[in-house]
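Student: Right, I'll just put the structure down here and ask away after.
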Amino acid sequence: MPRKHFIFLIFLFWKFDSAESISVTSKNATEALLRCPPAENFIRTHMAPDFETPRLVRRLDWFQDDSLVASYQQDILADSSRQWWVSDGRYQLIRPFYTLRVSPVTPEDSGTYRCRLETDPLFSSPQSTATQELAVMVKPVAPSSPEIKTFTNRSITLVWTHNAARAHRPILRFSVSVRTVSDNTRFVMAAPSNATTVIVDNLSPYTLYAFSVRAENSAGSSDFGPETTFRTLGESPNRPPQIQKIRNITSECVEVTITPPDEMNGELDKYLVLIQAVNETIPRKMTFDKPTSTPLTICALSPSTDYALAIEADNGFGTSPQATLVFHTEDSVPNWSPSTITTLPVVGKPEITVLWPAPPLNATEKVIKYHLYYKAKNEDQWKIEHLNVSPNGVKSKLFKYRLVDLNPNTQYRIRVSASTIKGEGAQSADSVAQTDVGEPGTVTFKDLNFDCKNGVKLRWNYEPSVNSKKSPTFTVKVTNQTTSLQFNTTMLSLDIIDLSLYDEYTLRIIVLERSTIDNSTILIGKYSDSHQFILKDKCSYQSSFCSPGEKCAKLTSSAGNPRYISVLIVIFAIIIFAFICFVIVHFARGSMNFKHLLKKKEKCVYLEEISPLVYDSAGQEDIPVELFYGYVEDLNRNDSLKFKTQFQILESQTSGIDSVDSGESNSSSDENSQKNRYNNIGAIEATRIRLNSPTGNDYINANYVDSCNERNAYIATQAPLPSTFSDFWSMIWQERSNIIVCITNMVEDGKRKCDQYWPSQQDSPQTFGNYQVTLVSESTNAHFSHRILDLKIAKAVPAVERKVHQLHFMGWPDHGVPSSVFPLLSFVHYTSDIHSTGPVVVHCSAGVGRSGSYILVDSMRRHLISFRRLNVQGHLTHMRRQRAKLVQTLEQYIFCHEAIRQLIRHGITRVHSDLFMRYLHYLSEENLNGKTRMQLQFEDICDCKHQPRCLIESDVITLPGYHRSDEFMVGSWGNECEDLWRLTWQQKVQTIVILNQRDSFWRKLPSCIYDGEIQLQHGDNFVLLQKDDQQLCVRIVNVSRADLDTDFWREIENVQKQRITYHDAPLLILAHKYPPSVPSPTDSTSTLSLSILFNDDTALAFSICAATTLACQLETTGCVDVVQVLSSYTEIQCGIFASKQEIEIIYEKMSQLVGGTRV
């Protein structure tokens, strides 16, 4: 066992004959020296200076409580060494004054000590004694466990008792240990003086504490005594709970994920929820008792409605402040059907106008489409038409739709249903209507017989309207140069007399029918074709049609009118003149400096024609543009060994930058650290943005970052926190920035990465501090969103507004990289087309990894326009000295090099429509190896590098479009099958395009498939799928190769017009897959005919998808990026484009669309 060192404090109280009292203290407690004053005074008075002679002391004894412990006797023995005696080895008499030394002392040594002195009888005081008290002090024992006297929610009064023995007194002080039981943290506080009570304050509410006491004296401290545990009173939480996520689970229910307040001040007992629709006046109250970590489910909500949600946490002692959120419930299938269907047959046409009222006032669903089902009385299958409506458009009180191409004079049953984005609601009751007979048709002349005098017998044929039950009336007009005769008849023949010989007559017949809807209305048809005849003598005549056996000569029409020929000649001459002017202007523009055009910022250019960048950075290697492609390949060798080495050097050179501050750095203060989204990511002091804040706190987690040739070209910052929204917009206003680049999603992997600092709805401004932000417009495609925001000072007079562009790229994962560089490059080029008025603000979540990658790539892009050398590593080192950890991972560092490499190799592939023909001409030029740039583009992006070559084995491939990442699906089913309709139902496909439909495609499947759950109903151009009470109407569009060859874009436009939901649902293209064959990459055709080029319908389908995507991009942005589409398709399926000709046809079709011809 280790030695225990006791510290003894020794008090000596002397008492001798002269009544003198002396006290002696030994602080180290290793020994006690007890003086004998009578002996000392005697020796000093009567003996020589050496205190040894003459020997006048005859005897001296030391007693402890009357027990002899040490003695000196002068004449007891002849042996002088035996004249000294002690009872214990710890005792020792010290000459010359006979001081008693006790070493070491123990608590048993305490008591009354007495020295007795015997001297020579010649002296006046032959005997003298002195007494003293020796007290040995030890560390005290621990006090008892404290008792609770009074308490509150944040303080407690303790009292205790302490039985101290004589060896323990005096007690100098008591100390109290306060331990938090939950995390075992503790602190010690001293009681005032040596009182046995103390008030412990500054405690946390509703917290279990353990209290114990120790005593302290001059010898030391006791151990802490037994603990007393006690829980303080609770109080209402002082912070609101946090709403982590809200999710629509149905149209009437939401799921809210809540975390309790950070300082609960008690056990969570329940959540109090207040929810109120925006158009309601009284909120609905809900209580969730004993909540757990599982989300709360709130139901009985109205679909497609904005709700205000407030949640309070209750711990039994009170409620917390409210956590508030505004959310929008999901739309639902309408639970109502259109009522009061009115059908109005159209007079004179086999058409019916259908009228129905708007949804009920209590209906909250946003109707996007109405479906009209109709069928004739004798038909079995329903036909369907659709009326698209805008949910955000002008609210109409009455809807109208006209059914056309109906059978005349036929009774129809009509139903109407409404659809939201979630599906179709119930159908209305049948409404019955009868169509009119329709416009009368025309007659066809049968024969004309001459009576050899002055009359003719005319006969004709007429096919009456279907279901027409009334006899028509025929009006026959006979005219010559001087007279006009008109005859009415209900017969199919007419005798005409009193005609002149040798006059040319013209015959025309019109049909009249009475409307079956309105008996007072006469329907007038169109005149028949004109026929001429001339009567002559001897029973002969000329006619435009002759009856057999008659003396009739065929009457031919006269030559064309010279006036019309003159007009045609003039029109032809104008066309020739316009064509010559176009050719002159075209070649005149071609002589302009192409490179000068490419340098215009507002145009999309192809970069390889320009000299790229150099960045002069000491100690780093400058790479010529011509060698950069091979330089990156070299870095990639041996599992990217050189990349790893470079990145390690970069990390070592910038490893200490993240801790840079000067003196008392603002970023290190408690107030500023609360403004950081992540504890380890702050703003470097030297380059941070300093806000002009009236509060005096100028900190925001943002830094200036230079481009290669411009200081403070960018601002890299974190995603703003709700508490820093006002600081963020203050920075935008202060720095006059009008471009915000956001490269993160709101939530990633279930974690909040960014809080929404802009309004969700247009014309619904939100105020952040002193600034008001309004969403002006928002456009979204498959990769990013472009929002235009209106920023102004909220209460400024007069109001000053600024337009701010927010570009939100959504395809970059946190700590990762996109699968392809081309969507990012296209996004960078799109952003660069916007004129900036200040630094470009870039943020992801922390503002270092993805933000740094974007800034690095865009900085290289800017300088590649003017320089032909670049230094990526050197510039990134410079950037990291301005904001720590930019380009955070090795994977991002490699990705930036790959993006710059592809930028150099393929240039700016997002080409403006004005420059597309020149760009196409540029691709057709050959290099020194005899290959065109288009061929190199195909080999680099599309060509399959694997052996054997990759083949498409899946029955269906999902491809991205301009609007969605799953906009197209290409299936290779050669026949109708259950898998086809199962996919259609699961993906909610509403339009199917069949390429080159074969007669054997439709197999007439049974009416029930998919385990009997889905019912099929085939129509003329649609298939109706039904499951329970849900229906899905799928329009079938047939497209042939011949039609595509004749007019490609007319067929594409026709497909787009017939899409039921346009881009809201995938477009499924069915193409027959033929046995695989790999065309030679050098095969070529001068006409690029679709029939010759594509020996497989699936390849044609892929090109249709790509062309449609590019057409949408051209229509929306005025630019085309073919490379981005090719790379995204190849990323999904290697070898999807088998030859250069397949991408050449895409360029060919895009050139037609922008108004050019093939170069």
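Note: Cβ is positioned from N, Cα and C throughout, glycine not excepted.
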Student: Here are some residues: N28, N388, N638. Which is flagged as N-linked glycosylation site in Swiss-Prot?
Tutor: N28
Student: Among N194, N1038, find the residue to which Swiss-Prot assigns the annotation N-linked glycosylation site.
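Tutor: Record lookup, Swiss-Prot, feature N-linked glycosylation site, residue N194.
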Student: Annotation N-linked glycosylation site in Swiss-Prot: match it to one of N335, N480, please.
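Tutor: That would be N480, per the N-linked glycosylation site annotation in Swiss-Prot.
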Student: From N202, N519, pick the one Swiss-Prot annotates as N-linked glycosylation site?
Tutor: N519
Student: What's the CA-CA gap between C36 (disulfide bond) and C844 (active site, phosphocysteine intermediate) in angstrom, rounded?
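Tutor: Cα-Cα distance, C36 (disulfide bond) to C844 (active site, phosphocysteine intermediate): 88 Å.
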Student: Measure from the CA atom of C115 (disulfide bond) to the CA atom of C844 (active site, phosphocysteine intermediate) and give the result in Å, rounded to a whole number.
Tutor: 90
Student: Where DSSP helix means H, G or I and strand means E or B, what are the helix, strand and coil counts for the domain 'Fibronectin type-III 2' (240-335)?
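Tutor: Across the domain 'Fibronectin type-III 2' (240-335), DSSP assigns the residues as follows: 0 helix, 46 strand, 50 coil.
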Student: Could you count the residues of the domain 'Fibronectin type-III 3' (337-438) that DSSP puts in helix, in strand and in coil?
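Tutor: Once the DSSP states are binned, the domain 'Fibronectin type-III 3' (337-438) shows 0 helix, 46 strand, 56 coil.
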Student: My understanding is the cutoff is Cβ-Cβ under 8 Å with a sequence separation of 6 or more in the same chain; which residues meet that for C115 (disulfide bond)?
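Tutor: Set apart from C115 (disulfide bond) by at least 6 residues yet with Cβ under 8 Å, we have L34, C36, P38, A39, L60, D61, W62, F63, Y98, L100, T129, A130.
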Student: Can you break down the domain 'Fibronectin type-III 4' (439-538) into helix, strand and coil residue counts using DSSP?
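Tutor: Across the domain 'Fibronectin type-III 4' (439-538), the residues distribute as 0 helix, 49 strand, 51 coil.
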Student: Give me the count of other Cβ atoms within 10 A of the Cβ belonging to C36 (disulfide bond).
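Tutor: There are 28 such Cβ atoms around C36 (disulfide bond).
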Student: Taking only the residues in the domain 'Tyrosine-protein phosphatase 2' (888-1153), give me the average pLDDT of this model.
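Tutor: Summing pLDDT over the domain 'Tyrosine-protein phosphatase 2' (888-1153) and dividing by its length gives 82.
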